[in-house]
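Database features (TrEMBL):
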TRANSMEM  A:39-58  transmembrane segment
DOMAIN    A:106-156  domain 'NADH-Ubiquinone oxidoreductase (complex I) chain 5 N-terminal'
TRANSMEM  A:123-141  transmembrane segment
TRANSMEM  A:153-171  transmembrane segment
DOMAIN    A:172-465  domain 'NADH:quinone oxidoreductase/Mrp antiporter transmembrane'
TRANSMEM  A:218-237  transmembrane segment
TRANSMEM  A:257-277  transmembrane segment
TRANSMEM  A:298-316  transmembrane segment
TRANSMEM  A:362-388  transmembrane segment
TRANSMEM  A:394-411  transmembrane segment
TRANSMEM  A:431-451  transmembrane segment
TRANSMEM  A:471-493  transmembrane segment
TRANSMEM  A:555-577  transmembrane segment
TRANSMEM  A:710-732  transmembrane segment
Amino acid sequence: MTPPMIAGSASLMATWLAQESNGSFSPAFVDGASSTIAHVLWLIPAIPMVAAGLIALLKQPRRAAAAGLAITGLAASLILSIIAFVHVLGVWGSGAATREAVTFNWFDLGATHMQMGWLLDPLAAVMLVMVTFVGLLIFIYSTGYMAEDENFTRFFCFLSLFAGGMLGVIISNSILLLFMCWEIVGLTSYLLIGFWYHKPSAAAAAKKAFLTTRVGDIFFLLGIVWLFAQTGTTLFYNYGSGAIEPNALAALLQQPAAWGLSAATAIGLLIFAGAAGKSGQLPLHVWLPDAMEGPTPVSALIHAATMVAAGVYLVARVYPLMSAGASAGGSTVSLTTVAWVGALTALFGSLVAVAQNDIKRILAYSTVSQLGYMMVGLAVGGVAIGMFHLITHAFFKALLFLGAGSVIHGCHEEQDIRRMGGLRHEMPRTFYAYLAGMLALSGFPLFSGFWSKDAIIGSAFHWPLSKGPFVLLIIGALLTAFYMMRQVGYVFFGPWRGHGHPHESPSVMTVPLSILAVFAIFLGFLGTPAWPWFASFIQGEPLKFEAAWYAEPNLMPLMGLAIVLVLLGLGAGWLLYVRRNVTRPASAPVHHHAQEHGDEPQHEAGDLVDVLEGAAPTVWSWLANRLYFDELYAATVIRWYAMLAWLSDWLDRRVWGGIVAMVAAAFRGLGWTNKTVDSQLIDGAFDKTCEELVTSGGVLAWLQADRSPLYLRVLTVGALVLAGIALVVATATGQVRL
Amino acid sequence: MNTFAVNYGNLFSITIPETILEVVSLLVLVVDLGFLRKSTQPARMTAACVLGVIGSVLAGLWLLTHSGTASFAGDALVLNSLVAAAQIGILLLTALVLLLSFQAEFSRNPGEYVAIVLLATTGMMLVAAARDLLVIFVALELLSLSLYVLAAFAKSSALSSEAALKYYLFGGMSAALMLFGFSYLYGLTGTTNLNGIAVSLASQGLSPLVVVAMVLVAAGLGFKVAAVPFHLWAPDTYQGAPAPVAALIASGSKVASFAVLVAVTGSLIPAASASRGATWIVLLVWMAGASILLGNLAALAQTSVRRLLAYSAIAHAGYMLLGIAANTPQSGAAVFYYALTYALTTVGAFGVIAVVERNMGSDRFDAFAGLSRRNPLLAASMLIFLLSLAGIPPLVGFWAKFNLFAAVLRAPGVGAWGLGMVIFALAASAVSLYYYLQVLKRVYVVPAMTDEPMAVSALEQLVLLVIALLVALLGIFPSALSGWIPLG
């Protein structure tokens, strides 16, 4: 379907194989002398982090200062990112691709040098611009959304810290540095999901997110340690001696691990486990929908546009490792795993999204599903195809979340789509923006999601190993169009079924929506089959116009199929949820229910029964309960831990405690015997001891006023003076150069 | 970092003397607390001290009869003739201290006292044998913690508590600095082995971080040997601790600390640039100069004999640091000789002080007034000890100084600076004669307040006389000891 991209990834593969055979470096990427912008690239994450530190020092009522600092900081990062991007563009225009690594020595331990550094290449440049730009819009939007919150200052502190961590993940050229930033991102995610920690559900969701992603992170850390042990470096690229450059990869491929896997494959799988945790892939997806307990801008920024994409970005970053050892036209064990996990996740997410009633949960499952698409894109089509969907998705999903936030705001914090309706009249600006996002997500022709998703589906069709992922993906695409139409039907069409009177949100919220909408519509044109700008840029190849793109075999039928599926999904949704005019049953009064937790209260008085639910209640309840994944985990892993904890507690109390009590009793008995034998002596000794204690106390008190602190100060000053003398002498005699 | 096959049989055979001490220390506790609970205080003290002395002697005999070299875990612990000599010296000093403790009345727990003295001795022996940063640190901590406890052993004396607390606070901080320095050294060289550090430092040269590490290590070891500016604990501790404990701190602990200082010096001076300007040597020379100056001047102003000995100890540490800075095998042997004879003399001096204190309740100058009339033998012993400390021939202190300064001057490349330092040290030791004579003036010239004889037990008298004889005889036949000390 997308021949230039297929050709692109094939040529990437060929290039890689060529490197493997002759050991030379990729002709596409030139490790040029580092430019000024590459040297100051660290400022991009550092500025938001410093801003976060400053905001942390502010007092709670200094709202304007906090928001101002956060926005200024991220704006500065955006400007630097654009400069970096333009620089990369310029190098690309001159026929090469940049890969500028700046490396510094973190510490030396004997003969071991721990190096760290950052990297500027097209992949990082694109991500930098996307994260800072979307982030900035969401920061601005947040000033409106969070205006009433008393912890406004803290919120912006966390947001800034998050932005710093995320940007750090992007520019890291060291897998260890990346992991550190990754953990900052995980921490801020925890803090922000639990931002309204007074809600038990939010606190629980934060904990769940932290623990679930931690499962993935353990594997990731194992992978890092293994990679470091094998290659002796944590750097990705280091002018030929990096961990994912051909020399190291060749050695990793030779190194057997277990079960017939090479070390390269095993490490790749471990790293993918980390990525799966962060990016909500099966079976570690359970935290992501619950994370919607956080404020909506957080959901938009972290759990739609950026952080969850970090896993995808990680796989893209270590792609040479993942694809190492691929035979011509084939795939590797790691990539095959990624493809299948991604495809299953894509279908799972879209299935579950059909049966959700919370406006943000629908989007959350949609995110899970779309992340699955990205993973498949990486696995079957290469870095460019997966990343392209990441970028377009970031824009339209941020748009959808912010639109949902605007709706929630307008409906007085109502999140259940059954208690909304007809909002297109009351909130026209939100409606049109949302519509753009929804069409982009559904893959409506010419919208951005159409191009990026079709590239993935096309690559999956051409995948030589199996057609399985392709089938899963097209079913997912159909469902995606359907559930989005369902949501829009509930929210924006039909009569108003909610409480009170809805209102449009202020401009500070709708303007970012409009900007995002423009991108949601037009961004896709950067990666059309005829003009694959994005793929060429990422891969550092010369840009060319594919005049005969339509002649590529299977392209037109596949594109036609995709369009038909989208129209089918949208049409079905339209028929079921717009034409039928979902209305509230006249008999039942409406009650406002605070949604306590995601476990859907399926039939509250006054809520609509979904048409599909009426048709197939069993299937519906499985979907509405997310295929009982949470229940499964609760019955297995969590239960085991609870039992282990109970056992430990029991051992402590009964067994060890009993032993201690026995010993204590024995000694007490001994003491009692002694006492009865010579109580006089002990009494006398006790009195004497008391006297001594009193005396010593007096001594201590006298000491405190004495010169002990002075002694210690003299000791310290003496050491400092000696150090000064030693350094001066050593410098003067030329032994040390300061 | 290198890993070594750990041979525990080897470890055991190297540490048999230490093991003997450990076993005896447990035995002392068992005997004292188990069998002698109902006995009188002096009987318990006597039994415990006798056991302790027997343990020390046994360990010493084992060392004397088993010569040869051995090492454990890649030189983490070594046993060679020099180490054995140091350990025998330490054991001898411990035995003397215990012999002088028979009459001590500061504690109602003689078993614990002797057991901890033996633990401290174990620490000293390990310090002398250790050639690995971690082992050095652990051994030093064993030694230091035991000494903190011992310094506080006179529980009913406010001065003793104060001494212990000051010693402890100061020691804790120095240990922290030293450990920090050790961690830098490990970070810079990737090994904790002194030989490995020497090799690595020789190849990587000097960086500011190495200098900082050296200063931190100097702080820790400077505390142990009481060198300026890490000396402030010494006067208070010498004054407040029970007399035998002060003797132990001033003697065995010093010998062990100088032994490890020599070992560390060997590894911190890169062989390639063994010039006189090496930073570690510069540090040692500055500390030595400051110690000699401050120790001798401050001693002039003292009226308490214990404090006087403390400041003089600082000055002596300065002389020995000079010898270490010279960094030749000869100077190392000279330092060892100096440390051993100085420790012997100091134990004797503290023995006299203990007797005087027990009779007069004070260690001030006037308590010593008329000692020659009240107990001529005691006075004669004190005369020998103090003159030896001042370096008057033919006592052993003279030979120690002579050897030391000669070795410094003979070291290659010392030049005018070395000569200057030696002249300075000689001038300072001439000053020291003044304050030692201040004490001797009280002993021999100033009339006593009472003429009743100074009560002293036969054993104490005997031990002090033996020490005094040793000090005099070793001075007359210096080769008796120096021939026995191997070159490092």
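Any Cβ shown, glycine's included, is placed from N, Cα and C.
Residues of the same chain lying 6 or more positions beyond the ends of the transmembrane segment (A:218-237) and with a Cβ under 8 Å from any Cβ of it are 31, 99, 101, 103, 112, 114-117, 119, 173-177, 179, 182, 243-245, 248, 251-252, 255, 263, 266-271, 273-275, 277, 317-318, 321. In summary, the transmembrane segment (A:394-411) does not lie against the transmembrane segment (A:153-171): fewer than three C-beta pairs, each 6 or more positions apart in sequence, are under 8 Å.
Beyond the ends of the transmembrane segment (A:153-171), by six or more residues, the same chain brings 41-42, 44-49, 51-52, 55-56, 58-63, 66-67, 69-70, 73-74, 77, 118-120, 124, 127-128, 131-132, 135, 139, 142, 146, 177-178, 180-185, 187-189, 191-192, 195, 295, 297-298, 301-302, 306-307, 310, 313-314 to within a C-beta distance below 8 angstroms of the stretch.
Long-range contacts of the transmembrane segment (A:123-141) within the same chain: residues 44, 67, 70-71, 74-75, 77-78, 81-82, 84-85, 87-88, 156, 159, 163, 166-167, 170-171, 297, 300-301, 305-306, 313, 316-317, 383, 387, 391, 394-395, 398, 402, 405, 508-509, 511-513, 515-516, 534, 537-538, each at least 6 residues beyond the stretch ends and with a Cβ under 8 Å from a Cβ of the stretch.
Over the domain 'NADH-Ubiquinone oxidoreductase (complex I) chain 5 N-terminal' (A:106-156), the average per-residue pLDDT in this prediction is 84. For the transmembrane segment (A:362-388), same-chain residues at least 6 beyond its ends with a Cβ under 8 Å from one of its own Cβ atoms are 2, 5-6, 8-9, 12-13, 123, 126-127, 279-282, 285, 288-289, 291-292, 299, 303-304, 308-309, 311-313, 315-316, 319, 322, 331, 335-336, 338-339, 341-350, 352-353, 356, 397, 400-401, 404, 417, 441, 451-453, 455-456, 458-460, 462-463, 469, 473, 476, 480, 483-484, 487, 526-527, 532, 534-535, 538-539, 626. Long-range neighbours of the transmembrane segment (A:471-493) within the same chain, counting only residues 6 or more positions beyond its ends whose Cβ lies under 8 Å from a Cβ of the stretch, are 343-344, 346-347, 349-351, 353-354, 359, 362, 366, 369, 372-373, 376, 407, 417-418, 420-424, 431, 434-435, 438, 441-444, 453, 456-457, 460, 561-562, 565-570, 572-574, 576-578, 581-582. Residues of the domain 'NADH-Ubiquinone oxidoreductase (complex I) chain 5 N-terminal' (A:106-156) grouped by DSSP class, helix first, strand second and coil last, total 29 helix, 13 strand, 9 coil.
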